[in-house]
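As recorded in Swiss-Prot, the features of this protein are as follows:
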BINDING   65, 162, 215, 407  substrate binding site
MOD_RES   48  phosphothreonine
MOD_RES   59  N6-acetyllysine
MOD_RES   73  N6-acetyllysine
MOD_RES   73  N6-succinyllysine
MOD_RES   90  N6-succinyllysine
MOD_RES   96  3'-nitrotyrosine
MOD_RES   96  phosphotyrosine
MOD_RES   122  N6-acetyllysine
MOD_RES   122  N6-succinyllysine
MOD_RES   159  N6-acetyllysine
MOD_RES   159  N6-succinyllysine
MOD_RES   185  N6-succinyllysine
MOD_RES   227  N6-succinyllysine
MOD_RES   279  N6-acetyllysine
MOD_RES   279  N6-(pyridoxal phosphate)lysine
MOD_RES   296  N6-succinyllysine
MOD_RES   302  N6-acetyllysine
MOD_RES   309  N6-acetyllysine
MOD_RES   309  N6-succinyllysine
MOD_RES   338  N6-acetyllysine
MOD_RES   338  N6-succinyllysine
MOD_RES   345  N6-acetyllysine
MOD_RES   363  N6-acetyllysine
MOD_RES   363  N6-succinyllysine
MOD_RES   364  N6-acetyllysine
MOD_RES   396  N6-acetyllysine
MOD_RES   396  N6-succinyllysine
MOD_RES   404  N6-succinyllysine
């Protein structure tokens, strides 16, 4: 103890004669991370947190991006339960998957997106890797572009786009640009603006497209509009990067929802594609997705696959196994696949029905506004056209929670609360 006391005294004396030593000691005592600032809260998670604190029995959370049944409860698809039971009965091991994921899952995902009779699938001029849901697919795709797309660093996003698109591409080293997409005056697709902007994008740039059920607007191009977009993309030699998070969940028909992707490929446009099974199989927490690159030939596909594996290895080595087994079991079992397609249609139909009921109830309330855009839009989300101050009133006066831009998750609307929602919207818009 005496020696320790002497050391402290000597240290104090040294500090008195050498101020630099005192500063160094102070620096050592402070945290390495004192300079780290508090980051902004996630806007959607913030909505959910505020909702949870609300004690109003009529409160509604229309911010969450997950399907709910007509009782407002999370829904596990019966086909998923059956697939899990089949997997459990096999007593399979939990060994690592290959870097690219479960092979049969990757093949089935490509066939689901491109069509079982697709020339691309038959010729093998594609590569599909399993990813950590749609977000992981986007990040792998963005990193692949950053490393190998030598023509441009610019990625053109529709305005608006899913909020996570920007940080995903930005953090991968790409630069973000935008093109017109949503028309706030009509609450619909700004086809003229989009086509004009896309036609001016520098050649050999990356164009991000939502394959169906555009998030956050719910506004999709019609097939004839997709055809014109594809013509411009081909003429301008743009690289089409498709995000397809809602196949089957938009219209209830998986082939219809994948129409744009397949049309582009038929026109000789070699796209890349991100898929997610969060929404259409309800596998939110399993993180099941896929990333596909369409190539010139099978040889090129093998080279691309090798580089995708090199990208994946230092990120997460290999993807999780359970969710991929569930999806693969459903997609490759004729009976389960048929059941799943019916369940997906049931979810899509419920959302479409809620859109119709909301408009009907708004009319019953006596609203004189046009709400046709609610039924014209498609998928889980709806851009209501509500202004920020109206959204604020909905929250304060009616305990109805949504993002400030007026986007609602129609999956959070039920036959039990649609009347209340219509009444509240009418009160803040009349």
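Backbone N, Cα and C define each Cβ position, glycine as well.
Annotated substrate site 65, 162, 215, 407; additional same-chain residues within 8 Å of its Cβ mean position, judged by their own Cβ, are 163, 216, 380, 381, 409. Distances between the Cα of residue 296 (N6-succinyllysine) and those of the modified residues 59, 279, 309 are shortest for 309. Comparing Cα positions, residue 279 (N6-acetyllysine) lies closest to 345 out of the recorded positions 309, 345, 396, 407. If you count neighbouring Cβ atoms within 10 Å for each of the modified residues 59, 122, the highest count belongs to 59.
In the three-state DSSP assignment, the secondary structure recorded for residue 159 (N6-acetyllysine) is strand. Highest Cβ count within 10 Å among the recorded positions 396, 407: 407. Once Cβ contacts within 10 Å are tallied over all protein chains shown, the modified residues 90, 279, 296, 309, 338 are led by 279. The record assigns 65, 162, 215, 407 to the substrate binding site, and the maximum Cα to Cα distance across that set is 12 Å.
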